[in-house]
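Everything below concerns the one structure shown next.
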Amino acid sequence: MRKPLVGINMKNYINTRAQTSEWLEATIPLLKNFSDVDTFIFPSMGTLETTANLLAGTSFGFGPQNMAPEKSGPLTGEFSVESIIDLNANYVEIGHAERKNLFHEKTSEIAKKIKLALDEKITPVVCVGEEVRANDTNELKNALKKQIEALFQTINLAQWENVVLAYEPEWAIGKASSAETNYIESAHQALREIIRELGGDETLVRIIYGGSVSKENAAEIVRQKNVDGLFVGRFGHKPQNFADIVSIVSKTKG
């Protein structure tokens, strides 16, 4: 059985060590009764060491919002997987829409990052999702299949179980409301079908939804069979809000 998972991406909103410490010190105690749900945070890159120190000895996972496609070398401004390992981090975010749209990351580069993370025993949270809303389930599956085939063509089949897919339809990111629940479930089901068609064991892969997640829609979303958790954005900047989401997932999926 797949363990429920809730994560938060701080992007570049909470950027100082003091702010990050305040958020974590407030949040950690609020999660003590939810051991049935895995949690992780992608803090602002400049606060990773602070995050590592505060989360040492806890089950709260963390990692950077991006990583280099190579272990080391002339890659100015990149973040090495060696640094991730040195921090005792266990997750890395890969392929977010903003990385592709603002920094022009290519699919081939993202695929290399995924493979490198898996080879180094770091769990990649891989962001996938169509740019525009699909008109029907076939169109939706075709759009997702094109992405998945390109991103995961080099991984070993056994590595699928260590992948987390974050389904974030680009047209729903940062909007006032999420995609409709039946649309979300159709996308998650399609992703499982695609994994199976590629030879992976879709029953082991955790797929979480991100895109305008809130307390108001969390239960309805995670009630869906193929949704394993949630990827929270700005709504989770208040510690109690994030804890409330974890609580909802625990009650709904537990």
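The backbone N, Cα and C atoms fix where each Cβ goes, and this holds for glycine too.
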One of Gly46, Gly174, Gly229 listed by Swiss-Prot as binding substrate at the site of Asn9, Met10, Lys11, Ser212:
Gly174
Near His96 (active site, electrophile), which residues of its chain come within a Cβ-Cβ distance under 8 Å, counting only those 6 or more away in sequence?
Asn9, Gln65, Asn66, Cys127, Glu168
Gly174 (substrate binding site): secondary structure state under DSSP, collapsed to three categories:
coil
Collapsed DSSP category at Asn9 (substrate binding site):
strand
